[in-house]
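Annotated active site per TrEMBL: Ser148, Asp173, His300, in sequence order. Here TrEMBL flags 73-312 as domain 'AB hydrolase-1'.
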Amino acid sequence: MDSCSNLNPLREDEEAPASVFAARPLRPPSTSWSEKYSPVEWTNYFDKEDDISISGSNDVFHVYMAGTEGPVVFCLHGGGYSGLSFSLVASKIKEKARVVAMDLRGHGKSVSENELELSLQTMSNDVLAVIKELYGDSPPAIVLVGHSMGGSVAVQVAANITLPSLAGLVVVDVVEGTAIASLIHMQKILSNRMQHFPSIQKAIEYSVRGGSLRNIDSARVSIPGTLIYDDSKQCYVYRTRLEETEQYWKGWYDGLSEKFLSSPVPKLLLLAGTDRLDRTLTIGQMQGKFQMIVVKHTGHAIQEDVPEEFANLVLNFISRNRIGPHGVEIPGMWKPSQPKT
């Protein structure tokens, strides 16, 4: 575990260590470095934020919202991310649809009685509770968009058929077979990453230079939402204690492919690589049960790395399936318009 005590530069009144092998004082960051990795406010992308109190509990879930018309694109982030992961996407989608990006339990600015209870059923119940608090018994048409862990939550909500206004499902870079196979490496990945940051700028720089995010503009707005300041260590640490939720990891992905295929709404699977389809999904795709698009030149967080392309894919999915604010606008099979003569 690295700590922050040796990450800060020496004060002017301190003497440098005598030994050449001791830690050298860090040079003060240049203005250009500071500006390059400086945090950016969510208000540049979303229109408003809100805290949604859940009736009958002490849980309060934070949401970011954008747009005024069209169906609701309800975004669920991956493990360790926050609703701000969809910031740049929201600024594009809000021109034609509404966007709600939720901080899931134990993430971002959401507060719940049990922050580590990240079971699939609990998180999907949280999503349904937030939608009910937002829209009552008459929710608008909703397109669920879920990235990674959030994709599993979205599929769970869809498969349970407990959201009558659900009009579409978009799952981002998560496939059952690959996800389960990678779980044995997860603790090592989590423990090997940098744990403490002397500043938010350092965390943003680490996310980009370390390769977890490839788009610095997205990192500048999304990374601050994944951190909290630890007074005892005098530095920033990760908000979500993912390493303490291992008991739920397998449950996120068990049966994911079958549940995805059984969801009775139009479905889109966005992948960052072609090698990620398991047998069940391969057969399902051959049978035309869902649309799949491989997005090139992107990492795992497709919505952050290529937000404009991601937004266009979601809007095209909505348009292709004729999803309006109250559901499918035209009954029957959609036919492409004829070219003008």
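Keep in mind that glycine also has a Cβ here, set from the backbone N, Cα and C atoms.
Automatic, uncurated: that is what TrEMBL annotation is.
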Inter-residue Cα distance where the pair is His300 (active site) and Ser148 (active site), in Å: 8
C-beta crowding around His300 (active site), within 10 angstroms: 18
Mean per-residue pLDDT computed across the domain 'AB hydrolase-1' (73-312): 95
Between Asp173 (active site) and His300 (active site), the C-alpha gap once rounded to whole angstrom: 6
Cβ neighbour count within 10 Å of Ser148 (active site): 24
Surrounding CB atoms that lie within 10 Å of the CB of Asp173 (active site), all protein chains: 23
